[in-house]
Amino acid sequence: MPTCIETTTANWESISEQKRNDIISAIPEDWILKNIPSSEKEPNAKLYLDKVLPEAEQSITSLDTIELRDKIANGELSSYEVCFAFCHRAALAHQLVNCCIEIFFDKALERAKELDEILKATGKPVGRLHGVPISLKDQVNLEGFDSSIGYAALVGKPKRADDVSLLAKILYNEGAVFYVKTAVPTAMMCVETYSNINGYTTNSNNRNLSSGGSSGGEGSLIGCQGSVLGIGTDIGGSIRIPSALNGIYGLRPSHGRIPYMKVFNSYLGQEVMPSVIGPMSVSLKGLKLFTQVVLDSKPWLWDPKSMPIPWRYDQITDQYSNKKLCFGVWKWDKLVMPHPPVLRAVDECVAALKKAGHQVVEWDPPCRKSLVDIGLEVLSADRYKEIEENCAKTGEPLFEALRNLCVDSGSKQPIEVNAWWDISERKYALQQTYSEYWNNTVNSTGTGRPVDGIIAPVWCSASYENDNSYKTPFNYTVPFNVLDFPSVVVPVLRSDKSIDLKDESYVPVDEIDNTVQEYYDAEKFDNMPVSVQVVGRRWEDEKALFMAEVLSESLSSNP
């Protein structure tokens, strides 16, 4: 159980030190690494774990969600041995990439043992996630554990039974086993994962680079295969960026599809560009299973913000599986040119889809800059007053990424209500303009339908170093938050310094673009995963997942 700290009198340094000690003390002594290898010697945490963990545990943690569930259900694996393998791997992963903020292996193993006993006694699994370990982003409330979201002031304030997130209850009732909560940046307002409590979370593929954020703990843990399925949230890219940077799959659902009820958050009540919650996984199958299980529980009966839209994947498959699809390809937004490996990933998707018989057209939508600008207006509406007030409670300093937000946000006065209404009205107008553009593509697809979905970069870079995220802006994530479009991250390739050479002839659009181009270093980002996002129309989450599957299969058939 976490140590209870009186944050009104303690300072942030003592709180943070105690919290870090609590995390390490929750790891069994024989799982503590005696000598943690340097990031220079062992940059790839996943490969290092593959070398040091027992073969039997490796074989378990290499399975995807469906395989794990089925092997547990048929008795080939026990819930306990699966839980043990993932707890062990997560413990070592944390020591390498600093990805966890709450560890409770003892409770998880006890839960797994109970599930085994139920299966033995009844011959039936508890639910469709029986025995599947699921990691949770810090803000998902569990009884007895903090949801500190990176603030020292919120450490030592465990949640009560009536605080537990609806989503956690749904997954638990389906047999899931919770074993860790994962690290986030302070306030979850950064695209790198750092807090004064926990320090930096680094990338599972290269510990010298960032995990992304704000679901960076999830991204890095899943990238290390210390989790097969986890939960992230996304208000400006926070599921998609860590998924892309760590080479895993992620779903940013439409608002209201996955219940957010009793999930803790910054800026609670902000509804113009609301945060959404969704799955991150080692496979598309994991995303689909998670979404189906949650929607089949009818969350709208409890959460008034949940849309009463049931799982419709089978209908989508019946409607489109024998049809040629048409994808709009948004290679760049004419504001910030993505780095060479990102452009190559988009090109490979185009080639694979064409080879599979699908149609591809250029996507050149309106309002590109306006969508980014209005998203940033929403995020800065209180001029980061909430962040500064929470940090001030314990004397927390603003670290680099937060300082870039708070100090550079202009006026220190939060906007007035009329200005907020104006933002909401302008957002609605942008949504209408974008919908009109999408509808008009019916004239260029050759399918008799408008474009089915969009293929776009997730981020303009394959990665970035800690404290350098500001050099790679939000241009390819925030627009889809403003529009509230579902988006699925699909890994495509790895960067290659011998292929992905800088285009010396390219002339940057402006100073922001110039900063992005100057930051590219083929050597530094060599062998990093590169992904794209498959974007659908609002509330067509099942179709977005279907299109991601079409893309993934096309890529597999076009090596």
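Note: Cβ is positioned from N, Cα and C throughout, glycine not excepted.
What TrEMBL says about a protein is an automatic prediction, not a curated fact.
According to TrEMBL, the protein has these features:
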{"type": "DOMAIN", "residues": "81-544", "note": "domain 'Amidase'"}
{"type": "ACT_SITE", "residues": "Lys137", "note": "active site, charge relay system"}
{"type": "BINDING", "residues": "Met188, Ser214, Ile235, Gly236, Gly237, Ser238", "note": "substrate binding site"}
{"type": "ACT_SITE", "residues": "Ser214", "note": "active site, charge relay system"}
{"type": "ACT_SITE", "residues": "Ser238", "note": "active site, acyl-ester intermediate"}
Spatial neighbours of Lys137 (active site, charge relay system) that are distant in sequence (at least 6 apart) but have CB under 8 A: Lys181, Thr182, Val184, Ser215, Gly217, Glu218, Gly230, Ile231, Gly232, Thr233
Largest separation between Cα atoms (Å) of residues that the record links to substrate, namely Met188, Ser214, Ile235, Gly236, Gly237, Ser238: 11
Average pLDDT across the domain 'Amidase' (81-544), rounded to a whole number: 96
Cβ-based neighbourhood (8 Å from the centroid) of the substrate site, residues Met188, Ser214, Ile235, Gly236, Gly237, Ser238 excluded: Met189, Val191, Gly213, Ser215, Thr233, Asp234, Ile239, Ile241, Ser275
Chain-internal residues near Gly237 (substrate binding site), provided their CB is under 8 angstroms and they sit 6+ positions away: Val191, Val458, Trp459, Phe474, Thr477, Val478, Asn481
Entry from the binding-site residues list Ser214, Ser238 having the most other CB atoms no farther than 10 A: Ser214
